[in-house]
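Features reported for this protein in Swiss-Prot:
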{"type": "ACT_SITE", "residues": "D280", "note": "active site, proton donor/acceptor"}
{"type": "BINDING", "residues": "E137, H201, H222", "note": "Zn(2+) binding site"}
{"type": "BINDING", "residues": "C148, H149, N225, G226, R233, D254, G255, Q256, H257, L313, A314, G315", "note": "substrate binding site"}
Amino acid sequence: MKPNTDFMLIADGAKVLTQGNLTEHCAIEVSDGIICGLKSTISAEWTADKPHYRLTSGTLVAGFIDTQVNGGGGLMFNHVPTLETLRLMMQAHRQFGTTAMLPTVITDDIEVMQAAADAVAEAIDCQVPGIIGIHFEGPHLSVAKRGCHPPAHLRGITEREWLLYLRQDLGVRLITLAPESVTPEQIKRLVASGAIISLGHSNADGETVLKAIEAGASGFTHLYNGMSALTSREPGMVGAAFASENTYCGIILDGQHVHPISALAAWRAKGTEHLMLVTDAMSPLGSDQTEFQFFDGKVVREGMTLRDQHGSLAGSVLDMASAVRYAATELNLGLSNAVQMATRTPAEFIQRPQLGDIAEGKQADWVWLDDDQRVLAVWIAGELLYQAEQARFA
């Protein structure tokens, strides 16, 4: 058992967002990192013989789940696919409320993909807090919609990729692909193995996208970006995403990738239950890095934007707490909707029912936010792993 994972948390003046509802004056009991009880009243007897935290302000919410994380802390996962890189990435993102992530390896050589998978398998075996799987974004993508993905590495699925994708020691296996680059039978085989298929970086027409969904694809990667657009006569991937009610869409809410009106349209179409926040963060997140080498070129940071040498957007420096604030305030969706899009919705997409909410039986992954929705403290599996300087427990 990890240290400090048996305790009580007392919300005495703070709010707790549980199952979509804000409540005050409650107590949460944790045993071995799992929530074993929620009480609507507070008694001094409960804390007499058990360690406890007392929150008198702010809001406690479930930990944020980011399904698309390319780097952080000054390192790209593709460039240094090691266990130590994963630890550093998780540390960089954790201060912004991320308690679970899928490290993302973008289009590259098979050797890089294999090294990334080995690092994730090692992290899971070592129980590195927050590393729950891997996201392969490419290399089975459209040349026309590749974005910053290197064209020389785009390819179909070979036997070497099959051996990688069918591994059972990687936790969550999320694969982004363009439906025109594979067959429905290949999608069916991947889904049957337990992989989750997301569609993206694609110039496919609506019919091709719907066939991929029928084959088992269940998500869309960074909605609007790198995909065929919705028009009056051709729905494209965006239209197919809106029309398929049981699929999930990731969206980058940094004010750069998606116009706020487009973001609201996506929310109207998909709802809080099927629109999820992602960062697509690159190495500068959580560091003072202003530029970095990216394959044969360079990516430069300009404020909150990253662009490659061709002027294309190249990931982001967005963090999950900022994405939640943007959804809650800029889009006026409110805290409850914004948090669900960062917690319960991605948990359902990646089929991890133990994550994504503050409820009995769930893992004690929490974020304590102040009244401006800034992160004060972070717990993963009941272990306090981040505490801001201004955070004070009563």
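Just so you know, glycine gets a Cβ as well, placed from its N, Cα and C.
Proximity to N225 (substrate binding site), defined by a C-alpha to C-alpha distance within 10 angstroms, is shown by the following recorded positions from E137, H201, D280: H201. Put simply, H222 (Zn(2+) binding site) is 9 Å from H257 (substrate binding site) when counted between their Cα atoms. The binding-site residues in question are C148, A314, and the one with the fewest Cβ neighbours inside 10 Å is C148. Between G255 (substrate binding site) and E137 (Zn(2+) binding site), the C-alpha separation comes to 22 Å. Whole-number maximum of the Cα to Cα distances across the substrate-binding residues C148, H149, N225, G226, R233, D254, G255, Q256, H257, L313, A314, G315: 30 angstrom. When secondary structure is read from DSSP and collapsed to three states, H257 (substrate binding site) falls in the coil class.
The separation of H201 (Zn(2+) binding site) from A314 (substrate binding site), Cα to Cα, is 13 Å. The DSSP secondary structure for D280 (active site, proton donor/acceptor) is coil.
With all protein chains in the displayed structure included, the most crowded Cβ environment within 10 Å among the binding-site residues H201, H222, R233, H257 is that of H201.
Inclusion criterion for the binding-site residues C148, H201, H222, R233: a C-alpha placed within 10 angstroms of the C-alpha of D280 (active site, proton donor/acceptor); this criterion is met by H222. The Cβ of N225 (substrate binding site) has 18 neighbouring Cβ atoms from other residues within 10 Å, across all protein chains displayed.
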